[in-house]
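**Q** Sharing a structure, written as structure tokens. Questions coming.
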Amino acid sequence: AVTTLVYYGLSINSTNLSSSNTPATPYLNFILSALVEIPGYTLAWMSMSLWGRKGSLTLSMILAGISCAGAGFLSEYNKKYLLILVLLGKCFITCAFAIIYIFTSEMFPTSVRSTIVGLCSTFARIGAMLA
């Protein structure tokens, strides 16, 4: 639920990160937020083949937390680099989001796998509703 909350929270609020008053800035921020998912999914695939599921999930969630916490502290002082930290956080949380589905499906036995993945996805959508 937390990963989904952060993922959709960053996706929905990406248009509010405008540091200038030009009308194109919210659209540019949204486009950048969508484009940063491509390296996020690529990074998930590469890190899972290098470090396994558990290590890459842990690393991506730690890096996403550091980026988002840094963006929270930076928003009070300097809005110039805020978008960079938010996009890094979105990249790493996208990586974690992709790894979680694979990791969850591999954790449970085949007889209950589809039920458990559906239940986990339902709880994840609660995080999306909170976002």
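Glycine is treated like the rest: Cβ placed from N, Cα and C.
As annotated by TrEMBL, domain 'Major facilitator superfamily (MFS) profile' applies to 1-131. Per TrEMBL, the feature transmembrane segment maps to 57-75, 81-103.
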**Q** Tally the residues of the domain 'Major facilitator superfamily (MFS) profile' (1-131) by DSSP class, grouping H, G and I as helix, E and B as strand, and everything else as coil.
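**A** Summed over the domain 'Major facilitator superfamily (MFS) profile' (1-131), the classes give 108 helix, 0 strand, 23 coil.
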**Q** Hey, which bits of the same chain come close to the transmembrane segment (81-103), Cβ under 8 Å, at least six residues off its ends?
**A** 3-4, 6-7, 10-11, 14, 17, 19, 29, 32-33, 36-37, 39-41, 43-45, 47-48, 53-54, 56-57, 60-61, 63-64, 67-68, 70-71, 74-75, 117
**Q** Using a Cβ cut-off under 8 Å, which residues of the same chain at least 6 positions beyond either end of the transmembrane segment (57-75) come close to it?
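**A** Residues packing against the transmembrane segment (57-75) from afar: 3, 6, 10, 43-44, 47, 51, 81-82, 85-86, 88-89, 92-93, 95-96, 99-100, 103.
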